[in-house]
DNA sequence: GGTGAAAAATGGTGGAC
DNA sequence: GTCCACCATTTTTCACC
């Protein structure tokens, strides 16, 4: 997974993160290079998987997704089969935006975006009916102080 | 913040989320419309703020950001001035990718991306030296099961 | 609100240095 | 590896339905 990235690559990535709709010429000018080398570097980084999906960030509130929960999960089951099913469920559910397996006494954390508390409860009921879970704590977000996809470069 | 979005808008947003590098023609064809109306709808939704930043998703591992922590914070301070400073600190720190104020006994949750455990400790020390915090629990991610910016439409 | 065409800008490629 | 110029595609605007 380790990939050689030099200063010029970092500058290009930074520009792309900031605004991927910029033209090649514009990016080239800002990073102090010209079109072809910038284009070649971008192509290489896409092939290597450093650069992934190109997307737009939507406003969840405007789309009626007004509730955001962080869900802390403890489980008693640690068998492979149980885990497979659990992971599949999480990946299939579009309201699960993030899922991590953790070190320590909490086993998993999820970030879940839904319309409202009732929609969260529906998700929760569906989840626990599909897989056995020992303990669940839901943390309700009152205010999104910060939310960014921009990685520090 | 509530905005009128019809079925066609949703289809367009879905396509843009999936792949923002698609041409207008391609999007128009997929949603069963044509170029100009799709373009007008996209422009309107950008003005309304439904569509925000256009960006690329980078692979954190490839960039050497191999550690991801979720940080649960309890604080004894609830004064306006303290909060102002705390929020400013979070917004300024690029390693803080998400920050939410919570309901319940945990006051804040952060998602923090750093190179390694040492870099996290540096962040943690900097944070507690800037603002007084009652209790901090760091959850270390062992495995990113899912991470998406695609909102359910 | 949709269609089609035309002008301006951009992406992608190949050749010279 | 960088610069430059070329052409096909795409974006963006506009007049018309």
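Cβ coordinates are placed from backbone N, Cα and C, and glycine is handled just like the others.
Among the features that TrEMBL reports, domain 'HTH asnC-type' is placed at A:5-66.
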Could you give the number of helix, strand and coil residues in the domain 'HTH asnC-type' (A:5-66) as assigned by DSSP?
-> 37 helix, 8 strand, 17 coil
Compute the average pLDDT of the predicted model within the domain 'HTH asnC-type' (A:5-66).
-> 96
